[in-house]
Structures are given as structure tokens and as C-alpha cells.
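The signal peptide annotation in Swiss-Prot covers 1-21. Feature annotation from Swiss-Prot assigns topological domain 'Extracellular' to 22-437; the stated evidence is sequence analysis. According to Swiss-Prot, the feature N-linked glycosylation site maps to N46, N61, N165, N202, N213, N263, N286, N293, N384, N401, an assignment based on sequence analysis. The annotation topological domain 'Cytoplasmic' is assigned in Swiss-Prot to 459-813 on the grounds of sequence analysis. The ATP binding site annotation in Swiss-Prot covers V502, G503, K504, G505, G506, F507, G508, T509, V510, K524. Per Swiss-Prot, the feature active site, proton acceptor maps to D619; the stated evidence is sequence analysis. Here Swiss-Prot flags 804-813 as compositional bias 'Polar residues'.
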Amino acid sequence: MNCNVLFLLSVLVSVTAGVTAAYHPTDVFLFNCGDTSNNVDNSGRNWTVESRQILSSNLVNASFTSEASYQKAGVSRIPYMKARIFRSEFTYSFPVTPGSIFLRLYFYPTQYKSGFDAVNSFFSVKVNGFTLLRNFNADSTVQASIPLSNSLIKEFIIPVHQTLNLTFTPSKNLLAFVNGIEIVSMPDRFYSKGGFDNVLRNVSSDVDFQIDNSTAFESVHRLNVGGQIVNEVDDSGMFRRWLSDDSFGNSGSIVNVPGVKINYTEKTPAYVAPYDVYATSRLMGNSSNLMFNLTGMFLTVDAGYNYLVRLHFCETLPQVTKAGQRVFSIFVEDKMAKKETDVIRLSGGPRIPMYLDFSVYVGFESGMIQPELRLDLVPLKDTNQTYYDAILSGVEILKLNDSDGNLARPNPELLVSTDSTPDDSNVTPPIKGKPHVLVIILIVVGSVIGLATFIVIIMLLIRQMKRKKNKKENSVIMFKLLLKQYIYAELKKITKSFSHTVGKGGFGTVYRGNLSNGRTVAVKVLKDLKGNGDDFINEVTSMSQTSHVNIVSLLGFCYEGSKRAIISEFLEHGSLDQFISRNKSLTPNVTTLYGIALGIARGLEYLHYGCKTRIVHFDIKPQNILLDDNFCPKVADFGLAKLCEKRESILSLIDTRGTIGYIAPEVVSRMYGGISHKSDVYSYGMLVLDMIGARNKVETTTCNGSTAYFPDWIYKDLENGDQTWIIGDEINEEDNKIVKKMILVSLWCIRPCPSDRPPMNKVVEMIEGSLDALELPPKPSRHISTELVLESSSLSDGQEAEKQTQTLDSTII
């Protein structure tokens, strides 16, 4: 009995140790090529000299060694300062354990003391029948590296039996070189069996992809998402280097729980990825709750190959502990790779890591030799999850060899021959006495270069035209993947043949409808006018990238022939404009007004700063703010919105966007400054003045024939303490302070010069802060004419034109 117990305990201990322990490779070789003594690098790893048993017999004639002339920043002495340089084809032969191995080649393209300049070195590399590099130039590869570096490591995964034969072949009349060679064994079928679930999903087919044991790989990208660089010695036993994803444009918030324990399992043992990868993650939005952002990760690859995409996940946030709290879809190259990814459900619980494998072919459709592979993680909107977000811990991208055993990218158009081995006897001496031959050669070469340049320019123009033509179709394809698409007949059924009109605008009519599950929705049908496709794309693109308590939720769309419609949540209390109209004769609830103003500000702050791609609305007005049952405001109608990078301070518009009375002056005339997200700030200020009654007094003053510029009388009333035009006599002192704060914030928002206006994140701080912290801004003095606005403006709601024109000189600053 005791023996059985001891046996079971020993088995349990061995299994647990296998799960939690790092990998211990059977083969580890580190060769400092060209060096004469063994050395230790900065990380403590031992590099040895090349053994004569693994060198070709023609060592002296085929190669020589040299030392780099100088050591550039970031370049370690071992293994980069010494190199073996090859005059002719040269083969290393390594005895290895059967299986698959990591082969890492180290290059430092610089000048060497022997006179060799590695910048001008072109060569090919083969191993056991696989072509790893062809006509390879280390310097150009280093120059294009992300992040920038002065040295280079090329990593390959090679199937081996007992011997690894590594051959370097210089291009004709040139030299080849290498600084270091590393060989490390790996677990059996580590990259070919699939993810933690032993499945390798093919994103282009319903049939799973298969990788046999004879496949070679090149490691293209290995990223620690949300974390720092993980150096070789900190890996899980295979000496891989994990780069930070900071250089790849990711802006989602980082998850880093100090001291979190990662619970490795038999399906995901500790050697799959190191602790530092699973302990940090990046949320694809900027908040852990009620926010969503479609985040694209773009990773440069070589066209014409299949790729293995391995994604690592681990839920470490203490509040995410149950299945269903965070669910998202995975898209690779705009194709649905996995619809529902619930890390808690798939892995078995919190702090349990997992990894998924996908295969995708990247062709030449883009016209580029090195296109970008796109990866998107998209939260599912139609689930009752707590956190509308997506999470990612690590990414590995590996290229598979083609049918010819090739991993090298297509040859660049270089005036260098690669077809034979250099030999002095084969070099043709210059022809004396025949200068015309040189002239002919120069003419031919010049013509070829000119023709090639012309062809490249034409190809670029064609590709640009093709992209512009297909931009709308590609956007709609993406919408189909992310949202529910309705046919027009379904819209008629949902709206009961469009019988209940909620509102009308310049771009379409909004109807009330009911889905089959009983949910009430708003159906906005765009007018059948030429050019409305752009408005549709604008609105769906903008709304599909948002999920915030103060932004209207997009539920679906219709894109059928000339029919365009948007299906969104329905809000019972209608628009802010209707709310203001209903309460004109009543003393308003200041707390409600304040809550609405603050909610709108937060929604705009999210559009400007919470999305990976900034969204500028360009049509903020009461009609485009909807109120739910609790008077929570939601920004709606994104037909005029523009998406831009956050670093873009000035936007380019070919038309005037907005509604008279709310358009920022710089949108109408560039004499006021550049167009930016500050244009929304101006519209917000005008909207808040509407809410507190200031715009009503403008109309009264104008109708009485006064030419007073309304900020002037607001300043005067504030100085005299006269605010009865806003709040009446029944307001208490506390509400009086709130209203005054809203006025001051509005006055700052409607400054004529955009640079004088606060950004929306500052506006939120001002509204939430103390009245004592706010100062009265200087009086504005610049006006804009009614005629100028009417001539240049594209109204978002044509029915307001007449009303707004009456007060234009008073309301546009």
C-alpha cells in the first residue's frame, strides 16, 4: 500500500515538474565564428571557437577571419566583433540529435580590419536542402529592421536527422560572412502540432491546416505584447528573444499585475512561453470596462508564403475570473480565424495560459513583395459580457518553406549575378582600346534602370487607384465580419414598412422598429442619392469602432444595391433638442442638465482619446445627442465624422462639415486657424449654451433689433449677477454655481482661435472640478458673416437652415 502511494506521489511530482519547469535542450551549440578563444557574452552564455571537425576541408582557401574596425552602439563584443569571411562556397557540418532545432545566424554588417566591407556582401545560405537566404544583404536588412538595430539575428527552425549541413555561397565576385552560429534543440513538433488544443486553424478554409515533420520555418516576429524585451537567457529554455510590441503602433492599455502567479498546465507547459510573456498583456481598448476599440496590428512579412500565427493569452486581472466576462473574435488578414475566444473558458480559469495557432497564406494581391499581415481582436457585441474588450499576451509569426524548400524572399532587382561561384580564372579582364563597349554597357544599364523606374511608378499609381476603388468594398466586407447585416426586406419587416418615423435629417430618415427578439431599435435609412455611400462608410466605420456608455451602440447595417441603412439602439427620451424644447417653459433640473453636459463631454473625450484611431464628429448639436431612460446622453449620427491618427494636429477637409450655429469658425474659414478635434470642442460649447438657455436669449435679442454680440452680454450679465434668463427665480445657490460653471466652460470652448480652446479631456476636468478653479476667459471680438457660412456650409440637417440663419451673426464666433 505504502509503495503504491509513494509511486503515485512520484508520478504526480514528475508530471507537475514537467508542467512548471523550463525546457532543457539536448543540444546547445554557440560558435563565435572567426575567434581564436572561447568567450562569455554579456548574458553569461559561453561561446566556443569553431571546431575543425565541423569545418570544410578547404578551410584556408575558402575563408579567412577578421575583426570589426569599430563597435557600434548596441552591438555586443561577443559574438559580433569577429567574423568568418568566405571567398567561395563553404560548408559547416554539425552532429545533432534527430528532431527539429533552432538555427540562429548572427550578422554585423560593418567594415572589418582586413578591408572587407560587409555592407557590400551578398550571399546565399542553404541547410539540408532548404534555401534560407538568397542574394542576402545583411546591411539592407538591418537598415529596415524594427526596432532599429546595428546587428541582426536570423532565426530558422530546421528538421534534422543526425547531421546539419550549413552552406554559405557568396554571390559572384563578392564575399560572404557570418559572426555567430547558434544551434538549440526544441520539444518534439513544438511548432507543427497546433496550439494548446492541438489544432492548427486554417483561416481560409474549414479544414484544419497540417504541418508535417519535414517543414522548415523562419521566425519573422516574436512579440511580448504589453511587456518589455525578454532576452534569450530569460526565455523558457530555448533562448528565444521576445521583442516589445511598442514599436508596432499598439496603444491599448497594459495589464501588469505585480507578482501574479501563472498556473502552467499540461496543455500549456512552462516552456511554451516565459513568465514575462503571460504575466503582461495588452487590452485592445483603453479601459477594462465598457470600452471597445477595433485594433489592427500590422506585421511586415514576405509575400508568397504560408505563415503560422501563434497567439498567447492569459487572463491575469483579478476581476476577470469567470467564463463569459470577456469574449472576442480573432481576425487574421481580415478573415474570421476564431469567432468566440473566451480565455477563461478555453484555458480553464484565471491566470492559466493558453495559445492558439492559425495558418494563413499571404499572396501578392497588394502588389508588394513585403506586405503587412493584419491581426485584429474584436470584442463580441451581441453577448452579455462584462468587459467589452480583447486581450493579448504574445504573438509569434513563422514563415513556412514553399514547395521548393525555399524560405528566401524573391530576388530583388540588383545588378549582381548569383548564378555561379566566384573564381579568378572566370573573371573577364577589361577590354583595352574599345571604349565604345563601356559606353554601350552604360547606355544599356541606364535604359534598364529607367525602364524599371517607370514600371515601378506605373505599378504604384495603379495600386493607388485600385486601393481607392476598393476602399468602400473592403470596408463593407469588414463590416459584414463584425456586424449583423440585414437585407432591405428585413428592414421593412422590422419597421412595419417604415410606418413610425422618429426624425428626419439631411442624410436620411430615422424609423422606430423591433427586432425578432423584441428589442426596440432605431433604423436610419440614408437617402438614395449619389455620393451617400461615403456618408454611410463614415458612419459605420466610426460607430463600429466604439463602445462607450455615452456613444450610441451600432447593432447592424444594410448594404443592398443603392439601399443603405444603419440599425442602432433606440432611446426612449429622444434627442436633447426635443428635451430642451419640452422644458423651455419650465424651470430646468440643473442636476439633470449638468449630468447630460458631463456625459456628452465624456463621450467626446472617448472619441478623441479613447479610440486607437481618433474620431472627430464634426456635427455635435442637440439633435445628435440622444437620451436614455435615465437621461444618460449618447452621441449619435456619425455621418460627417472623420477618422484620423492621434498625432495629426491639423486635419484636411475638402468640404465644410456641420450645422449652422454649431460649426467652428475654422471649418468655415481657414483665417481662424487649422481644423482639428478642437472643432468638436467649439460645437460642444455652443451645445451647452443651448442647454442652459443662452441661445434663446440670442434669438430674442436679435429679433428686438439689437446687434449685441452674445458673449458680450453674457459677460455683462455675469458681472451684474443677472442669470434669470437661464435659471429663473427658483434656483438655489448650489445650482447657481453649477450653471455658472457650465457657462464658463462653454465660453472657453467657443474661443475663436482653436489653440485657445481646451481639449476634451481638459473640458471634462473643468466640468468635474471646482468653480473656484475657473476663470472668465478674455472677451472674443471676431465675427463671421452669415453669407460666408451659407456659401460654404454643407448642412447636416437642412430643415434648420432658416432658423439658424436668423441668429448667425450672434451665434458664430
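Glycine is treated like the rest: Cβ placed from N, Cα and C.
The model shown is predicted, which means the values in this text are computed figures rather than measured ones.
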Most Cβ neighbours inside 10 Å, all chains, among the glycosylation sites N61, N165, N202, N213, N401: N401
For the topological domain 'Extracellular' (22-437), mean pLDDT (0 to 100): 86
Other CB atoms, at most 10 A from the CB of G508 (ATP binding site): 24
Cβ neighbours of V502 (ATP binding site) where a neighbour is any other Cβ within 10 Å: 16
Rounded distance in angstrom between the Cα atoms of N213 (N-linked glycosylation site) and N202 (N-linked glycosylation site): 18
Residues near N263 (N-linked glycosylation site) in space but at least six apart in sequence (CB under 8 A): G349, R351, I352, P353
Candidates N46, N401, D619 (recorded positions) - the one closest to V502 (ATP binding site) by CA: D619
Secondary structure at N61 (N-linked glycosylation site), reduced by DSSP to three states: helix
Nearest recorded site to N165 (N-linked glycosylation site) by CA-CA distance, among recorded positions N46, N202, K504: N46
C-beta crowding around K504 (ATP binding site), within 10 angstroms: 13
Most crowded position, judged by CB atoms within 10 A, among N46, V510, D619 as recorded positions: D619
Candidate recorded positions N61, N401, D619, pick with smallest Cα gap to G508 (ATP binding site): D619
Alpha-carbon distance [N202 (N-linked glycosylation site); the residue listed as 'active site, proton acceptor'] in Å: 43
N46 (N-linked glycosylation site) versus V510 (ATP binding site) - Cα distance in angstrom: 72
